[in-house]
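Undergrad: The structure follows.
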Amino acid sequence: MSDRQAALDMALKQIEKQFGKGSIMKLGEQAERKVSTVSSGSLALDVALGVGGYPRGRIIEIYGPESSGKTTVSLHAIAEVQRQGGQAAFIDAEHAMDPVYAQKLGVNIDELLLSQPDTGEQGLEIAEALVRSGAVDIIVIDSVAALVPKAEIEGDMGDSHVGLQARLMSQALRKLSGAINKSKTIAIFINQIREKVGVMFGNPETTPGGRALKFYSTVRLEVRRAEQLKQGNDIVGNKTKVKVVKNKVAPPFRVAEVDIMYGEGISREGEILDMASELDIVQKSGAWYSYNEERLGQGRENSKQFLKENTDLREEIAFFIREHHGISEDSGAEGMEDPNLLD
């Protein structure tokens, strides 16, 4: 046995010398290690994700119908990474990035790396180069459906290109997944929804780009509008449901309900008020909301406005919500500058 053990030790040393420390290890060595995360920018979504945010070094897919809030959810994640001193990149394949809206959500547009590629191959190669640099903490690709293969762009309008985009995504993800894990980059792929023709039973909806992204994603989020939010006769936003359809780091199928206000993004006050009411941190009596016997306001909108004006009180309530769910603030802030600190 000792000869076999010595041979194994020598082989392990050779592997580590050739491929670097940590390239092979015993499974139990990392059993105690927590998943390093970065907040999604939404407290309700952090709780639904189960680990306090998006796991670093993993692939996330965010999909849903048009104008459901997919890009808004992604921009909040970028703003959170930048707030913690990290570097962010946005691959705008749809050529629809609105810098004014991004700025309102808290994104530092002077520091955000932006690329608007001509072809799908170009967009994915740029993403790979940024990930392999090890200096980017989050990269958002908007969207998979807009990553059109070069052959399709150069071909005629009626030409058939069956499975071309699926093959492109499959090859790209095979190359990207290892680099994403090593660099601790959060890679968010935004995707659209398509209808499968002739489906009689089950869900006819599917996402473009083949099956590869479904397999490689650690987390898949489905974003859908639930109802409109009105102030008088004016529509001021949407109540949006974000369902965690797949989760490899915590139990899946949890749902986060958030208010996405037009021109403002996710309402922090709205989600804090709803979650605190559920946990009885904030008491609701009739139409009145109160906290520690102090009245916040009559009706939800007035209470939201009160919390918006009193940020110290808002963050105090948020602290108790985090404490209840066992989530620490800025859980991924440490090591944001240097991914090697997490190795």
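Placed from the backbone N, Cα and C atoms, the Cβ positions cover glycine too.
Not my notes, these are from Swiss-Prot:
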BINDING   G64, P65, E66, S67, S68, G69, K70, T71  ATP binding site
Undergrad: Of these binding-site residues, S67, S68, T71, which scores lowest on Cβ atoms within 10 Å?
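TA: Ranked by other Cβ atoms within 10 Å, the binding-site residues S67, S68, T71 bottom out at S67.
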Undergrad: Near G64 (ATP binding site), which residues of its chain come within a Cβ-Cβ distance under 8 Å, counting only those 6 or more away in sequence?
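TA: Listed in sequence order: K70, I193, E222, V223, R224.
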Undergrad: With every protein chain in view, how many other Cβ atoms are within 10 Å of the Cβ of K70 (ATP binding site)?
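TA: So the Cβ neighbour count for K70 (ATP binding site) comes to 24.
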Undergrad: Would you identify which of the binding-site residues P65, G69 has the most other C-beta atoms lying within 10 angstroms of its C-beta?
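TA: Answer by Cβ density within 10 Å: G69.
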Undergrad: Taking the mean position of the Cβ atoms of G64, P65, E66, S67, S68, G69, K70, T71 as the ATP site, which residues outside that list, in the same chain, have a Cβ no more than 8 Å away, listed in sequence order?
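TA: Here the nearby residues are V223, R224, R225.
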Undergrad: I want to check the contact list for E66 (ATP binding site): same chain, sequence separation of six or more, C-beta distance under 8 angstroms. What comes out?
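TA: The list for E66 (ATP binding site) reads Q192, given in order along the sequence.
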